[in-house]
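What TrEMBL lists as ATP binding site is Lys539. Summarising the annotation, TrEMBL assigns compositional bias 'Basic and acidic residues' to 203-216, 238-273, 280-480. According to TrEMBL, the domain 'Doublecortin' annotation covers 85-170. Summarising the annotation, TrEMBL assigns domain 'Protein kinase' to 510-767. Annotation source TrEMBL lists region 'Disordered' at 197-488.
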Amino acid sequence: MFEVAYYNPARHHQHDNLDNEQNYTQGPNYRPRMYGNAFHPGRFFQGKGIEGAQHHRRLPGAFGPASRNSYLAHTGESTVPLKPKVITIVRNGPKPRNNVKILLNRRSVQSFEQLMGDISEAFGPKWKTNKVRKLFTTRGREVQGVADFFRDDDVFIGVGNEPLTEHDVHEIIEEVYPDSPYAKNIMKDFERQKRKKLAQVKDPVKDIDADKRDSGFGEGSDGSNRDPDSEFVLYKGRPTEKGKRRNEYPRDLEVAMRLDKEKEKAAHEEKDRVRRQRMKMIDAERRAQEEESRKKRQVPDDGKVEDPFKKMKEQRDKEREEIRKRKDEERKKQEEDDKTRRDEERQRREKDKIDREQAEAAARERQAAAEKERAEREREKAERRAARDKEKEQKEQEAREKERELKEKVNAEKREKHHSEKQEKDVKETESDKHGKERGHGEKDDKVKEVVTEREDKNSEKNDKIIADNKEKDNKEAERRKKKTGKNRIVRKTKLERQISNDNHVLAKYELGRTLGDGNFAIVRLSKMKATGVEYAMKVIDKPKLKGKEHMVENEIEIMKDCNHPNIVKLYEEYETSDKIYLVMELVKGGDLFDAITQSVKFGEVDSAHMVKDLCSALFYLHSRIIVHRDLKPENLLVHRNKDMTISLKLADFGLAMDVKEAIYTVCGTPTYVAPEILSEIGYGLEVDMWAVGVITYILLCGFPPFRSPDRNQTELFEFIKAGEYEFLSPYWDNISSSAKDLIEHLLVVDKKRRYTAIDVLCHPWILCGGDVSGMDGARIEELKKTSRKELETQAALNLESYQKMKEKRALTG
Ligand SMILES: Nc1ncnc2c1ncn2[C@@H]1O[C@H](COP(=O)(O)OP(=O)(O)OP(=O)(O)O)[C@@H](O)[C@H]1O
C-alpha cells in the first residue's frame with residue numbers, strides 16, 4: 001500500500017465560483033450543485049487494477065476537486081506516468097453527474113478491458129445496465145489503453161451508449177475545475193479556435209472519420225503528419241431515436257491546449273524520429289552482418305545454426321508422412337477394390353439367383369409337360385389294353401362256346417355209342433334168350449321184342465341216367481385211386497371241385513403262421529395242416545382286390561393244378577369263401593431268388609448254370625404244354641436249398657400264365673425282363689419266357705441287368721430292349737466264360753424265331769457241363785447235345801399228348 005497525496009486546488013475556491021459555474025454550464029433546467037464534502041478520501045473502490053475508489057452517486061457536488069496531476073496536465077507540467085495515481089472518472093449523463101475516484105497501480109492492472117469493467121462496477125449496482133464503454137480526457141482524447149491512464153490526465157469522462165457532446169464536455173470541465181481561471185481561458189480560447197477552425201475545416205466528418213482511429217495516445221499518436229484536429233475526435237454514440245447522428249465536437253476547447261502542446265510534441269517527435277531512424281540504420285547494419293555470417297556458416301534463413309538432429313527428425317517426419325500418405329492411398333485403393341469386388345460379387349449372386357430361378361422354372365415346366373405327356377401315354381395305353389382285353393375276352397368266350405359245343409358233341413357221340421353198345425348187348429341177350437326160348441323159352445320171343453322196342457322208345461330218357469351213373473363210377477374210381485396213392489398224395493381237384501367253404505372251415509383245418517411274402521392281390525403265409533403237421537404255403541387272395549381280374553387267378557389255378565414238375569410250385573388244395581380264395585401250395589423255404597441275388601450280389605457260373613437249368617426244365621415242361629408264364633423274374637423263382645447245399649429253383653406265380661393258342665398281344669410283364677416283341681406289339685408266344693431267361697442268366701452272373709436306363713427312364717429302357725442293345729461290361733464280365741456269354745447271346749435275340757428255346761438251353765454245352773466247360777471234351781458235348789435233344793423232344797411230345805388227353809378227359813367229364 002502506499003499513501004495518496006491529494007492536492008485539491010479547487011478546494012479553496014468552491015464557494016466563490018458558484019455564479020461562474022452557473023453561468024457557464026447553465027441551461028434552462030440547470031440545477032445548482034451542492035459543493036462541500038463532495039470527496040470522501042477514506043473510501044476507495046477495490047478492483048483488480050484499482051487500489052481504491054470513492055463513489056459519489058448523484059451526490060450534491062459530485063465532482064470533487066481535480067488532482068494535482070490533472071491540474072499539471074492542464075498547465076503543461078510534466079508528470080511521472082508509471083507511479084500509482086488517483087484518477088477521477090466522471091460519468092457523462094444527466095446532472096448532477098456521478099464520479100468516482102480510483103487509485104490506480106500500473107503493475108496490478110491486467111488489461112484495459114478488465115479496467116473498464118472495474119470502472120463500470122465502481123459506479124454502483126446498476127453498472128451492468130449502464131456500462132462505461134469509452135473514456136475520454138477533458139481534452140477530448142479517447143483512452144485506448146492502460147498506458148493512457150498514466151499520462152498527464154487524471155480526470156476522465158466515462159461514456160456509455162449515449163453521445164458525448166461538446167456541451168457535455170464544457171459542463172464537465174466547469175464542474176471539475178469550478179474556480180479555475182485557466183479553465184475560463186481555455187473556454188475562451190476554445191470558442192475562438194472553434195470559430196477559426198470551423199471556418200477552415202471543409203469536411204469535418206471526413207476528418208473525424210479518418211482520425212477517430214487514432215486517439216492521440218500511444219505509439220500512433222506521435223505521427224508528424226497527423227491533422228491536429230483529429231485529437232478532438234469524440235465518441236459519437238448511438239443513433240438518436242430519430243436515427244440521426246449527433247456529430248458534435250468539442251474542438252474549440254481543445255485547440256488552445258493542443259497548440260500549446262503541439263510545439264513541445266513536435267520537438268519530442270522530431271527527437272524520436274531521429275532516434276528511430278538511427279535505430280533503424282543500426283538494425284539494418286546488424287541484419288546485414290548476420291546475413292553475411294549466416295551465409296558463411298550456411299545456417300538456415302532463420303539465423304539459427306542448423307541442428308543435424310532436427311534435420312534428421314524432419315526427414316524422418318517427412319518419410320513418415322509419405323508412408324502415412326502412401327498407406328492412406330493404399331487403404332483407400334483397397335477399400336475401393338473391396339467395394340468393387342463386393343459389388344461384383346453381389347451382382348454375380350443376384351444374376352446366379354435369377355438364372356437358378358429361371359432354370360428351376362424351366363425345369364418345372366419341362367417336368368409338368370413330361371408328366372402330362374406320360375399321363376397321356378398311359379391313358380392311351382390303358383385304352384389300347386382295355387380294347388385288347390375286351391377282344392381277348394370275346395375270343396375266349398367264343399372259344400368257351402366252341403369248347404362247350406364240342407363237349408356236347410362228344411357227349412352226344414358218347415351217349416350214342418353207349419346207347420348202341422347197350423342195344424347191341426340187349427340184342428345179344430335177346431338172341432341168347434331167343435336161343436334159350438328156342439331151347440324151351442319160345443313163348444318169351446314176343447316179350448323180348450316188346451322189351452327191345454320199349455327200350456328203344458325209352459332210349460333218350462335213359463341216356464341221362466347212364467351219364468349220371470358213369471360220373472358216379474368215375475368219382476368212385478378217383479376215390480379208389482386216392483386211397484391207393486397214400487396219405488401224402490393229395491388228389492388235385494378240378495375247378496368244379498373247388499370247395500366252397502367259409503374261413504372258419506379253412507382255419508379249422510390249417511393253422512396260419514408268419515407271412516412269407518405278398519403281392520398285388522395276395523398274401524402268402526406259412527401254414528400247417530393240423531391233422532398231419534405238414535407245412536404248406538397258404539396263398540390268401542383278397543377277392544375284392546381282384547375285381548375285374550378274376551380270370552388271372554382262375555388261370556393261375558387252372559394251370560398250376562395241372563402241373564407236376566419238380567421245378568414248379570405245386571398246388572394241392574383250393575378253398576373259396578365269400579371274400580377270399582385260399583390256395584394250399586408246396587412250401588419253398590429258401591425265399592425267392594431276388595433276395596438271394598441281393599444277398600450274394602452275383603453267383604458263380606456253376607450255381608448259375610444249375611439255376612438256369614432248373615428254370616429251363618420248368619419252362620420246358622410248361623412250353624411243351626404250350627403254356628407261357630409271361631412273368632419270369634427272380635421274385636417269382638423260389639429258392640429251395642438242397643441237403644448238398646446246392647440250390648434248386650421252383651417256379652411260382654402263374655398269375656399271367658396262359659395257354660398259347662395263337663399270337664398274344666397283351667402288353668404285360670416287368671419292364672426289366674419284358675421281351676422286345678411284347679413292346680413292339682407284333683404278337684408274341686412262348687419265346688417271351690426265353691428272353692426273360694436270358695435277362696435272369698445275365699443278372700445271375702454279374703449282378704445287374706443287361707438293359708438299364710441310367711436316368712431310370714422307362715421309354716429309354718424300352719428303346720434299348722427293342723434294339724437288343726446290351727454289352728458284357730468290363731470288368732464284370734472279363735472272367736466269365738465265353739460259353740455262358742454264348743448262351744446269353746442266343747437268348748437276348750430280338751428276332752424271336754432265332755431265339756433259343758428251352759430245349760436249346762438245356763442242350764447248350766454250358767448247361768450240359770454244369771457251368772464248367774473247361775474239362776469237357778467237344779465230341780462228348782456234341783454227343784450229349786444230340787442225345788439230350790432227342791430225349792427232350794420225345795419228352796415234349798409225350799408231355800403235350802398227356803396234357804391234351806388230360807384236358808380232353810376233363811372236358812369229357814365236364
Ligand atoms: N410256395 C411258396 N413257398 C414260399 N414262399 C412263397 C410261396 N409262394 C409265394 N411265396 C412268397 O410270396 C411272394 C408272393 O407270392 P406270389 O408272387 O405268388 O403272389 P402274387 O400276389 O401273385 O404276386 P405278384 O403280385 O407279384 O404277382 C413270393 O414272392 C414269395 O416270396
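From the backbone N, Cα and C atoms, a Cβ is placed for every residue, glycine too.
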Integer mean pLDDT for the domain 'Doublecortin' (85-170) | 84
Near the residue listed as 'ATP binding site', which residues of its chain come within a Cβ-Cβ distance under 8 Å, counting only those 6 or more away in sequence?
-> Ala522, Ile523, Val524, Tyr582, Leu583, Met585
The DSSP breakdown of the domain 'Doublecortin' (85-170) into helix, strand and coil residues is 28 helix, 23 strand, 35 coil
Could you check what DSSP calls Lys539 (ATP binding site) once collapsed to helix, strand or coil?
-> strand
